[in-house]
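Comments concern the structure below.
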């Protein structure tokens with residue numbers, strides 16, 4: 001069974017309307033049409049066992065029949081396509097027999113109204129005096145995506161009438177238009193192109209409409225040596241001369257907007273732009289052309305975004321990458337989606353400018369669109385202030401061109417031809433002047449070829465699809481065309497594209513205002529000066545970055561400089577004191593020349609504080625490397641002198657007093673020149689390393705950039721903090737070498753100071769103070785070096801840490817080394833030189849004490865040797881005594897107990913516990929004085945003998 005259709009126009013045999021819901025198998029239905037319509041397709045359908053109807057793959061339609069009188073032609077032929085009844089979609093092709101000429105259109109279409117779209121032609125006897133006809137094959141899209149033929153076809157026919165009535169243009173010829181409806185569909189256009197090429201008469205030129213059809217026709221036309229002239233194609237891809245060698249167009253390429261955009265970028269001083277495009281071929285080609293043009297103009301496309309249907313992600317990327325000047329390439333429906341996202345992302349206002357295409361409807365942003373969730377108010381706010389560029393398709397000036405019509409007169413005649421139709425509802429009304437000028441450009445070009453062809457014994461009527469010479473002449477004529485048309489000045493570039501003016505408009509207060517024109521042929525910008533901006537003027541193309549150098553705090557610099565100056569003064573005082581009292585024995589015993597070097601090194605190190613604090617605030621940039629050199633040399637030489645002299649002292653003390661006694665005696669006598677030579681070696685190493693550094697890799701100024709900062713005010717600027725540094729190409733390598741060498745010296749100095757902390761010597765009587773100074777300097781240096789490298793980006797902290805470390809090190813060194821000497825000389829009055837103090841008793845007594853001390857030391861060492869010899873002798877005698885006693889006990893065991901108390905002979909040693917009683921008065925004076933200084937008593941006590949035994953051993 002089958003379910004019966006409920007639509008009208010069907011006859012159910014023998015059944016009522018209520019009985020047609022389920023129909024039995026083999027039941028038949030019949031279609032009927034009302035009025036004068038006829039059935040096209042199956043008239044009767046039968047119910048099949050599978051529940052379907054027969055011939056379901058064919059539609060049954062009721063269509064009006066066009067008059068059959070058009071299907072016959074006296075003295076000619078009529079071809080009906082497709083065969084059958086002349087209903088909607090039927091096409092008639094007319095041709096005349098030999099000796100006759102066709103008057104009228106050679107093709108006619110049956111419309112849905114049951115009428116033919118052109119009058120019935122007729123064949124007339126050929127007359128040699130009549131003008132020869134030249135046929136133009138045209139494709140006008142009357143429907144489809146762009147129904148531009150609705151206005152362009154009447155405009156082209158109006159131009160043909162005027163051309164054919166002119167006696168000065170093609171006087172021996174008459175132009176005739178053979179046209180079809182391409183519906184802006186490449187598939188349909190392919191079939192129509194076949195009809196045009198393989199149906200008489202021969203067409204001398206082809207005129208397609210929209211870009212997709214023009215691409216197809218222009219690519220195929222070169223195989224037939226045909227010129228292709230388009231009035232409604234804007235695709236940039238058609239500007240490819242290698243692919244489309246015979247293509248021309250009066251509609252400018254979409255890339256014609258780009259010279260205008262570049263000119264506006266230059267006018268407003270923008271060098272950085274962003275783009276967002278819908279992913280289609282026409283916009284991609286336009287954007288590629290824009291990229292080349294802005295590159296030539298020195299303008300950068302910083303951000304390039306694209307989208308297919310949803311622009312949300314692309315708009316967010318524009319916001320994230322701080323796009324300001326944005327070129328948008330998309331159709332009107334997508335434009336609403338884009339600006340809804342623009343509103344959400346706040347990508348509008350005084351910081352932003354949008355460039356859009358100018359062929360949108362004037363109220364495009366106010367049209368309610370279910371695809372977006374923004375209100376009209378939101379959209380109006382987001383689009384305010386944007387700039388559009390639009391190709392000028394109607395001459396704004398009142399000029400009579402080649403057709404002897406002004407643009408306003410043309411519009412009036414066109415409106416008359418359209419029969420009062422609303423221009424906004426008529427497809428292609430804006431492009432109608434381009435179609436009008438296209439016919440005039442063809443007519444003028446063909447007229448220009450008549451004389452050159454006649455010189456070659458050719459004529460335009462001799463054209464066929466194999467004649468390249470006539471095609472070449474037409475090409476040259478079109479390529480050099482230049483005339484005033486109703487759309488403006490008509491001229492073509494090397495790619496065959498129209499060069500035209502561009503209208504520049506800006507949305508101000510919700511409506512578009514003309515702000516200028518740009519003539520790309522001459523590069524002239526006509527500016528009205530009424531552009532309006534939300535802010536104070538055109539926004540910046542990017543956030544303006546203001547470079548701001550970070551300088552050292554002057555309060556900190558002054559404070560530290562005061563301490564450094566006082567330290568230098570202290571160093572000079574200490575140096576003067578040391579030089580003035582260099583003849584005093586106490587000062588002499590501290591190696592005053594080394595102390596002088598220490599004081600000079602301290603002064604140099606303190607002097608380095610001043611160049612450390614000098615930056616671009618005080619000197620010019622060109623002088624900065626000199627300051628860098630001063631920093632390096634003052635610190636290097638200051639350290640070598642100050643620390644090197646202290647290191648030399650402590651090294652000598654360690655060398656002398658930590659060796660064996662026999663080596664001590666050899667090194668006991670201090671030779672000052674060796675100390676000075678050690679300091680000189682350390683100084684020479686520093687000077688040599690610094691010279692190599694400065695020759696191979698000199699210091700220069702480098703600028704460190706920090707993260708941009710926003711100012712407190714509401715300004716479209718960012719602060720770029722900068723900091724100047726002294727640096728070189730291999731700075732880290734050189735610092736590693738210097739820090740490594742200095743660090744080893746510091747560690748070695750700490751070790752030597754620790755080893756000699758308990759040693760006392762009159763040759764360098766201040767070596768303990770030197771050790772203390774080395775401890776402090778080493779610790780401060782080892783902490784300061786890495787910390788200052790870490791804090792190098794913080795100028796105040798780095799300077800404070802480094803300079804205060806230098807100051808503390810110097811102060812500690814000067815105070816520890818020199819203040820005790822000053823205090824001793826002041827409190828004890830030891831200000832006289834060696835020659836003067838020999839005249840005074842107090843000083844001579846002090847010298848005698850020192851001489852006695854040295855004499856006692858010598859005696860002490862002699863006595864220790866004697867004691868050691870005697871102890872060895874005592875041990876030997878005791879062993880002999882023990883042997884004799886053992887021998888006697890074996891000989892006389894019976895009387896052993898009686899002989900135990902017998903005295904030992906005087907030639908034998910005393911018993912183990914025997915210690916002769918002797919008083920101290922029997923000791924020599926020198927020995928008695930030294931017995932308490934050395935530890936002979938401790939050695940004798942191991943044998944349980946009192947020191948009263950010493951006189952016997954001595955004797």
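Heads up, residue numbers simply count up from 1 along the chain you see.
Note: Cβ is positioned from N, Cα and C throughout, glycine not excepted.
All annotation found in TrEMBL is predicted automatically rather than curated by experts.
The predicted model assigns the domain 'Sushi' (64-125) a mean pLDDT of 86. What TrEMBL lists as domain 'Sushi' is 64-125.
Taken from TrEMBL, the feature disulfide bond applies to 96-123. Within 10 Å of the C-beta of residue 96 (disulfide bond) there are 23 other C-beta atoms, taking all protein chains into account.
Feature annotation from TrEMBL assigns transmembrane segment to 556-581 (among others). Listed as Cβ neighbours of the transmembrane segment (556-581) (distance under 8 Å, sequence separation of 6 or more from its ends, same chain) are residues 587, 592, 595-596, 599-600, 602-603, 606-607, 609-610, 613, 796, 799-800, 803-804, 806-807, 810-811, 814, 817-818, 821-822, 825, 831.
The feature transmembrane segment is assigned by TrEMBL to 593-612 (among others).
When Cβ-Cβ distances below 8 Å are used as the criterion, the transmembrane segment (632-652) is approached by residues 591, 594-595, 597-598, 600-608, 611, 670, 674-675, 678-679, 682-683, 685-687, 690, 693-694, 699, 726, 738, 742, 745-746, 748-749, 752-753, 756, 764, 766-767, 770-771, 773-774, 777, 806, 810, 813, 817 of the same chain, each at least six residues removed from its ends. Residues or ranges marked as transmembrane segment in TrEMBL: 632-652 (among others).
As annotated by TrEMBL, transmembrane segment applies to 673-696 (among others).
A Cβ distance under 8 Å defines the sequence-distant neighbours of the transmembrane segment (733-754), meaning residues of its chain 6+ beyond its ends; these are 636, 639, 643, 646-647, 650-651, 653-654, 682, 685, 689, 693, 697, 770-772, 774-775, 777-778, 781-782, 785, 789. Annotation comment: TrEMBL describes 733-754 (among others) as transmembrane segment.
Annotation source TrEMBL lists transmembrane segment at 774-793 (among others).
Summarising the annotation, TrEMBL assigns transmembrane segment to 799-819 (among others). Remote same-chain residues near the transmembrane segment (799-819) are listed as 552, 556-557, 560, 563-564, 567, 570-571, 574, 577-578, 595, 598-599, 602, 605-606, 608-609, 612-613, 635, 642, 646, 766, 769-770, 772-773, 776-777, 780-781, 783-784, 787-788, 791 (criterion: CB distance under 8 Å, separation of at least six residues from the stretch ends).
TrEMBL lists 833-847 (among others) with the feature compositional bias 'Polar residues'.
Summarising the annotation, TrEMBL assigns region 'Disordered' to 833-859 (among others).
Positions annotated as compositional bias 'Basic and acidic residues' by TrEMBL: 849-859.
Taken from TrEMBL, the feature region 'Disordered' covers 882-955 (among others).
TrEMBL lists 894-910 (among others) with the feature compositional bias 'Polar residues'.
The compositional bias 'Low complexity' annotation in TrEMBL covers 922-933.
Note on the domain 'Sushi' (64-125): DSSP counts are 4 helix, 27 strand, 31 coil. Taking Cβ pairs closer than 8 Å, the transmembrane segment (774-793) reaches residues 642-643, 646-647, 650, 704, 706, 723, 725, 735, 739, 742-743, 746-747, 749-750, 752-753, 801-802, 805, 808-809, 812-813, 816 in its own chain, all 6 or more past its ends. The Cβ of residue 123 (disulfide bond) has 20 neighbouring Cβ atoms from other residues within 10 Å, across all protein chains displayed.
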